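Student: TrEMBL feature annotations, pasted as is:
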ACT_SITE  H284  active site, nucleophile
ACT_SITE  H514  active site, proton donor/acceptor
BINDING   K286, K516  substrate binding site
REGION    112-147  region 'Disordered'
SITE      S537  site 'Interaction with DNA'
Amino acid sequence: MASSRVKIGALIPLESIHGKGCSVSNVPLFEGYNVIGRNDLKISDKRVSRKHVSLNASANGIIEALVEGPNPIIVSSQGQREKICSNDKVLIKDGDIVELIPGTHLFKYTAIGNDNSSQTPQKSPSPPKREKRHSEKNESSVAKRTKQILEDEALARDLQQMEDESLLEGSSEKKEALRDFRVSKDKISDTFRLMRVQGIPSWANLNSVTIPDVIQGAVLVAVLSNYMVDIDWLLSACPTLKNVPHVLVAHGESGASFDHLSKSKLKNWVFHKPPLPISYGTHHSKAMFLVYPTGVRIIVHTANLIHVDWNNKTQGLWMQDFPWKDASTLSSNRSPFENDLVDYLYALKLPELQVNLPSIGNVSINAAFFCKFDYTSAKVRLVASVPGYHTGANLKKWGHMKLRSLLEECKFSKEFCKSPLSYQFSSLGSLDEKWLNEFGSSLSAGKTDDESHLGIGKPSIIFPTVEDVRCSLEGYAAGGAIPSPQKNVEKDFLKKYWARWKAGHVGRCRAMPHIKTYTRYNGQSIAWFFLTSANLSKAAWGALQKNGTQLMIRSYELGVLFLPSAVHHGSSFSCTGNSNVISSGSDSSSHTHKKKTKLVSLCWNKGGDSNSSQEIVRLPIPYQLPPPPYTSEDIPWSWDKRYTKKDVYGQTWPRHVQMYTSEDC
């Protein structure tokens with residue numbers, strides 16, 4: 001029992017760096033093994049695990065801490081603030097500060113002396129004046145370090161705010177752009193949405209979504225596809241999942257991460273890692289398929305199922321609900337969306353789930369099951385990547401060749417002839433100029449109404465600079481989710497393509513992008529827009545081989561393509577009770593109507609080339625168009641370089657532990 005052990009110190013609660021007080025009492029620590037968790041601290045924050053950190057304390061007051069839970073801790077020691085991730089260890093010494101969750105639940109470790117020859121409590125002697133002065137000096141240095149960190153962070157925020165305001169200066173329309181993008185929170189959206197970010201202005205989160213906004217209602221079956229999965233966080237962030245009878249998770253985890261995942265799963269959850277026939281591939285697709293009594297909800301998004309991705313980064317998603325087919329349409333021809341969806345699900349080789357659905361009976365949840373829904377109202381086209389060597393009829397079925405084939409079928413306004421392209425992503429693969437030209441040819445496909453080819457567009461590569469990362473909401477820690485090595489980033493031929501991440505109009509300059517988007521545009525007019533899990537890499541998009549007769553892809557990816565011709569009008573179906581929901585951008589009539597569409601960014605000027613015969617569809621593209629090119633001082637972020645200039649938290653890079661370990665995160 002604790003009362004028979006030697007006390008060597010205590011964790012003293014402090015205020016969080018966000019100014020929130022801590023209501024927890026002092027936590028005594030004893031020689032040997034200690035465990036700190038949610039129940040021990042009597043706090044309700046479910047980010048703190050029941051067994052969050054184990055502490056092995058020695059008689060000399062030094063503690064070896066092991067992070068047991070899935071969320072990282074922060075240890076501040078001698079001016080250095082280090083993130084320690086799950087299953088990693090760190091030594092904690094007298095005076096160190098521990099953040100059980102980065103930024104919150106702060107404790108200072110204070111060691112005390114013990115007389116090991118007796119367990120009888122003794123009155124502690126008054127410390128000598130010299131020791132007292134030393135103690136005060138320690139307190140003073142800690143206070144100074146904390147003050148400096150807060151001042152650095154405040155300065156960085158002020159600088160970023162001035163930069164954002166400079167971008168928006170003289171343009172009230174741009175400043176109000178996100179406010180003009182109105183989607184009712186109680187209605188399903190069938191267009192592109194940004195995810196909510198903590199720590200940005202409230203106006204910037206208007207019409208943004210959280211994971212409970214997506215997974216809601218009476219879900220019968222959930223198929224979750226992702227790369228990284230933190231079940232503890234997922235269940236705390238979205239308690240609805242606890243009540244879903246059947247959950248299938250297709251993931252990309254391996255090693256210790258998968259072991260932890262297996263131990264955390266609920267009994268009615270099934271895990272599946274899709275086969276990877278070619279080395280260095282990943283299962284990287286990010287999607288959700290939610291079956292309801294009334295239909296299915298499909299979500300394609302860009303976030304891993306982890307806390308930082310849904311709270312600290314710029315992310316995006318698309319979702320739409322589809323009803324069950326009735327008897328008259330069950331045997332009808334598949335829509336293009338349905339063909340692409342079912343082909344992709346077959347490629348995942350999902351295990352079959354035998355379930356009993358109310359009013360439907362016993363069914364097998366497999367790829368064919370998803371033919372039971374009516375996708376004729378789909379407002380996007382799916383573009384997926386599947387590992388393999390694709391030839392013949394399959395050459396244009398996946399990757400950038402699939403995107404090329406879809407664009408070749410479309411007619412665009414003449415304003416997009418030779419118009420520019422933007423590539424925006426969070427990880428850069430090992431590229432060469434030949435492949436970049438191959439990729440650019442696919443994204444430049446398409447014709448005008450008079451059958452003229454649009455022509456090759458000049459691309460910009462939108463990518464965070466070192467300063468963007470240093471001054472971001474997370475500081476250098478954000479760089480762990482931008483895992484591009486120096487050897488990939490610092491190729492000479494890339495210099496002419498680099499463009500800045502500028503997101504002032506949506507308040508996300510400091511929320512580093514984990515979103516991946518590709519688009520062709522002219523000013524604020526959009527020819528097409530693609531939201532995807534695919535970073536800019538051959539592994540994700542595929543590379544042509546054998547004189548263009550074979551496409552080699554390493555990884556699974558999934559994205560949605562917005563085309564003017566694919567946008568339908570009228571009322572939309574909802575699985576969660578709003579059976580006659582009006583889609584964003586459509587008029588209020590309940591019947592389907594024909595009207596040409598025009599895709600635009602939020603910063604499109606309504607008084608410009610507006611046309612009453614056009615339906616305007618606003619897309620909250622989170623970066624400035626056209627993107628400003630790098631200046632001579634701008635350096636693209638590389639996660640394997642050393643940066644000694646301190647970030648907003650007073651830290652340098654690299655850290656000992658990095659969150660992402662794959663090129664395609």
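One-based numbering along the chain as shown.
Cβ coordinates come from backbone N, Cα and C, glycine included.
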Student: Please report the distance from the Cα of the residue listed as 'active site, proton donor/acceptor' to the Cα of S537 (site 'Interaction with DNA'), rounded to the nearest angstrom.
Tutor: 15
Student: Quiz question: given the recorded positions H284, K286, K516, which has the greatest number of C-beta atoms lying within 10 angstroms of its own C-beta?
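Tutor: That would be H284, with the highest Cβ count within 10 Å.
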Student: Including all protein chains displayed, how many Cβ atoms other than that of S537 (site 'Interaction with DNA') lie within 10 Å of its Cβ?
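Tutor: Other Cβ atoms within 10 Å of S537 (site 'Interaction with DNA'): 25.
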Student: What is the total of other Cβ atoms whose distance to the Cβ of H514 (active site, proton donor/acceptor) is within 10 Å?
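Tutor: Result for H514 (active site, proton donor/acceptor): 27 neighbouring Cβ atoms inside 10 Å.
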